[in-house]
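A.B. asks: Take a look at this one; I'll ask things after.
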């Protein structure tokens, strides 16, 4: 039996991404929708990184983390969206074994890194609001770089473990993945091996990744709220809440979609695809909008850049 499973596993050279269960006429509409969202992701996140890198006033820990968040959003959406758009026009909808491995590895790497980075950003807001006099000392450039590097490190470790665990399974039931990208739950469904141990390992990985980041975020904001309630000035309270509301919005959308995705039973694959859309495309699109529309510093930096472009335009013409 073991030899047959190994043989079946070795014969798998590609997979079929089933995608969305919609009438073929809707594929054009979905393609245009994906294209619009992906264009907004590119424009928003690249624009945010340019603004942060070019404006000296944004050379602070908060914007350093925000620039890395835009970088992560840009790349993990790019792992998913282009292939999904190609499949709307493709009849075969195939993805090679190596491409599927790469897609899963990069997606897990960036999504886990983003989770840790959001926890780091919550800690940054906690220090800035609860201990402002020592903020520049405690959130030094060296520490900020270490926190970001640590986020990528844990993302990489988690990605390696998840990818190895998934692709050592024998895929002998079918090559058709009922999803629009290579995710480990849909891949496990086409395996013919016992999934007890992989499920235990997945649960363990999710627990040590999601729980600590959620705890850091919750504790940070409990402390922030307790400080805000002690502020007698209504204007001061509004200023603090406006600073934190953007981050809370991003956290709510991302973690809400992820939790919803992984508590949905396997008998509802279409709902899991909708939840996946939230954190693969919707969240990367909304993040730069949330941070730019609710942030005076970013809006002012954008005005400066646009003002310089208009000035050079007048000189040239």
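Cβ atoms here come from the backbone N, Cα and C positions, even for glycine.
Annotations for this protein, taken from TrEMBL, read as follows:
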type	residues	note
TRANSMEM	28-51	transmembrane segment
DOMAIN	44-291	domain 'G-protein coupled receptors family 1 profile'
TRANSMEM	63-81	transmembrane segment
TRANSMEM	101-123	transmembrane segment
TRANSMEM	143-161	transmembrane segment
TRANSMEM	200-228	transmembrane segment
TRANSMEM	240-262	transmembrane segment
TRANSMEM	274-293	transmembrane segment
A.B. asks: Can you work out the mean pLDDT of the predicted model over the domain 'G-protein coupled receptors family 1 profile' (44-291)?
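C.D. replies: Its mean pLDDT is 85.
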A.B. asks: Go through 28-51, 63-81, 274-293 and flag the stretch with the largest number of C-beta pairs under 8 Å relative to the transmembrane segment (143-161).
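C.D. replies: Answer, by Cβ pair count: 63-81.
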A.B. asks: Sequence-remote contacts (6 or more beyond its ends) of the transmembrane segment (63-81), Cβ cut-off under 8 Å?
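C.D. replies: Distant Cβ neighbours of the transmembrane segment (63-81) are 34, 37-38, 41-42, 44-46, 48-49, 52-53, 103, 106-107, 109-111, 113-114, 117-118, 120-121, 124, 144, 147-148, 151, 180-181, 250, 280-281, 283-285, 287-288, 291, 297.
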A.B. asks: Cβ under 8 Å to the transmembrane segment (28-51), counting only same-chain residues 6 or more beyond its ends: which ones?
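C.D. replies: 20, 22, 58, 66-67, 70-71, 73-74, 77, 81-82, 84-85, 88-89, 281-282, 284-285, 287-289, 291-292, 298, 301-302, 305.
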A.B. asks: Per the 3+ Cβ pairs under 8 Å rule, pairs at least 6 apart in sequence, do the transmembrane segment (200-228) and the transmembrane segment (101-123) touch?
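C.D. replies: Yes; at least 3 Cβ pairs under 8 Å.
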